[in-house]
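All remarks here apply to the structure that follows.
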Amino acid sequence: MTTNTVTRKVAWLRVVTLAIAAFIFNTTEFVPVGLLSDIAASFHMETAQTGIMLTIYAWVVALMSLPFMLLTSQVERRRLLICLFVLFIASHILSFMAWSFTVLVISRIGVAFAHAIFWSITASLAIRLAPAGKRAQALSLLATGTALAMVLGLPVGRIVGQYFGWRTTFLAIGVGAFLTLLCLIKLLPLLPSEHSGSLKSLPVLFRRPALMSIYLLTVVVVTAHYTAYSYIEPFVQNIAGLSANFATVLLLILGGAGIIGSVIFGKLGNNHASVLVSVAIALLMACLLLLMPASVSETHLAILSIFWGIAIMMIGLGMQVKVLALAPDATDVAMSLFSGIFNIGIGAGALVGNQVSLHWSMADIGYVGAIPAFLALVWSVIIFRRWPVVLEEQPQH
């Protein structure tokens with residue numbers, strides 16, 4: 001915990017550094033979405049084939065989040081962060097040097113290992129390091145780091161890839177991670193493991209039907225989103241017939257709209273989280289259904305992307321808030337499960353998009369994605385009626 005001897009300025013610097021780390025980790029997860037065509041060209045592959053790296057990355061995170069969290073549950077958190085950053089940086093150097101697609105995938109697995117540990121401990125660390133009475137704002141800052149990864153990280157990474165090659169994008173992320181590591185070493189105090197939970201926590205969490213229902217909702221709605229989002233760059237260029245530069249602009253718009261979603265949730269989420277999540281899922285479903293019809297013009301796609309970005313950010317924030325509220329006694333285990341389940345959804349969505357693109361038509365990714373979105377909408381209405389009080393509680397720390 002931050003003590004009385006720690007100034008509010010230092011406490012906020014620590015949280016901001018974690019938010020920057022969140023920005024970097026999310027940038028590297030999202031950025032291949034904007035680089036698929038370039039990566040495919042360099043290895044003489046089809047774009048849809050290279051998309052499998054998104055699924056592999058996400059499913060490695062999903063499989064390893066809980067085992068790694070349990071293996072490191074007693075490790076002092078500052079040391080753990082330093083070690084995972086070293087792995088993260090080394091893996092990006094390998095991505096830069098990758099001489100084959102297989103080597104690139106191996107390097108991404110290394111990044112995924114670091115990612116799996118990072119996201120299982122970061123939310124609870126931000127809460128511990130925040131100034132007194134500012135824990136909700138600390139979580140919001142982490143969410144902002146995530147949003148900025150979509151707003152700036154993904155499109156800037158794509159621009160760097162367009163002009164200097166996709167390898168340079170990965171190298172730049174590694175350099176950014178190195179600078180962030182130096183800040184973490186300087187700013188963070190010793191952070192003994194706290195409320196990390198253990199294997200004993202799992203049966204307790206699994207006996208919470210409201211929490212399990214939120215996990216199921218998460219995987220279904222994330223699958224819906226990533227079915228289309230994973231292939232938005234080749235969709236814009238190959239299906240809509242628009243320029244590579246517009247694909248970059250569209251990613252910028254979609255990410256920027258996420259900040260609007262974050263602001264809306266920050267204003268209304270305390271008292272109306274369940275309603276906001278259901279409305280956002282309905283909005284996501286509408287955007288997916290309208291993706292192909294909107295592809296007739298840049299203006300239509302840009303407007304659709306605004307609503308899409310708002311929807312997915314409100315969904316992500318809503319899920320995280322509810323998980324923290326439902327598992328205050330084992331935050332690291334609960335968030336590790338959440339990270340894993342979220343990434344199962346990413347991997348499933350990317351795989352569905354991959355199969356639709358290869359065996360059907362990339363033009364249909366929005367329509368196919370709308371199916372799990374509809375199922376998620378129905379499920380959200382059911383569970384928010386079944387556990388209305390429990391699911392409106394906010395995390396207490």
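Start at 1 and count along the chain as shown; that gives each residue its number.
Every residue gets a Cβ built from N, Cα and C, even glycine.
As the structure is a computational prediction, the values presented were derived from the model and not from experiment.
Annotated transmembrane segment per Swiss-Prot: 15-35 (among others), in sequence order, evidence recorded as sequence analysis. When Cβ-Cβ distances below 8 Å are used as the criterion, the transmembrane segment (15-35) is approached by residues 53-54, 57-58, 81, 85, 88, 92, 108, 111, 114-115, 118-119, 122, 125-126, 129-130, 138, 141-142, 144-146, 148-150, 153-155, 157-158, 161, 166, 169-170, 173, 176-177, 180, 183-184, 187-188, 229-230, 232-233, 247-248, 251, 346 of the same chain, each at least six residues removed from its ends.
According to Swiss-Prot, the transmembrane segment annotation covers 51-71 (among others).
The transmembrane segment annotation in Swiss-Prot covers 81-101 (among others) and is backed by sequence analysis.
The transmembrane segment annotation in Swiss-Prot covers 103-123 (among others) and is backed by sequence analysis. Proximity of distant same-chain residues to the transmembrane segment (103-123), defined by a Cβ-Cβ separation under 8 Å and at least 6 residues beyond the stretch ends, is recorded for 18, 21-22, 25, 28-29, 32, 39, 43, 53, 56-58, 60-61, 64-66, 68-69, 72, 77, 80-81, 84-85, 87-88, 90-92, 94-95, 97, 139, 142, 196, 320, 324, 331-332, 335-336, 339-340.
What Swiss-Prot records for 136-156 (among others) is transmembrane segment.
Taken from Swiss-Prot, the feature transmembrane segment covers 170-190 (among others), and the record attributes it to sequence analysis.
What Swiss-Prot records for 209-229 (among others) is transmembrane segment.
The transmembrane segment annotation in Swiss-Prot covers 246-266 (among others).
Annotation source Swiss-Prot lists transmembrane segment at 273-293 (among others), citing sequence analysis. Listed by sequence, the residues of this chain that lie at least six past the ends of the transmembrane segment (273-293) yet keep a Cβ under 8 A from its Cβ atoms are 221, 224-225, 227-228, 235, 239, 261, 264-265, 300, 304, 307-308, 310-312, 314-315, 318-319, 321-322, 363-367, 369-370, 373-374, 376-377, 380-381, 384, 388, 391-392, 394.
Residues or ranges marked as transmembrane segment in Swiss-Prot: 301-321 (among others).
Here Swiss-Prot flags 333-353 (among others) as transmembrane segment, drawing on sequence analysis. With a threshold of 8 Å between CB atoms, the same-chain residues lying at least 6 positions outside the transmembrane segment (333-353) that come near it are 29, 51-52, 54-59, 61-66, 68-70, 116, 119-121, 123-124, 196-198, 201-202, 205, 211, 215, 218-231, 319-320, 323-324, 326-327, 365, 368-369.
According to Swiss-Prot, the feature transmembrane segment maps to 364-384 (among others), an assignment based on sequence analysis. Away from its own ends, the transmembrane segment (364-384) comes close to residues 210, 213-214, 216-217, 220-221, 223-228, 231, 235, 274-275, 277-278, 281-282, 284-285, 287-292, 349, 352-353, 356-357, 391 of its chain (Cβ-Cβ under 8 Å, at least six residues beyond either end).
When Cβ-Cβ distances under 8 Å to the transmembrane segment (246-266) are tallied for each of 81-101, 136-156, 170-190, the top count falls to 136-156.
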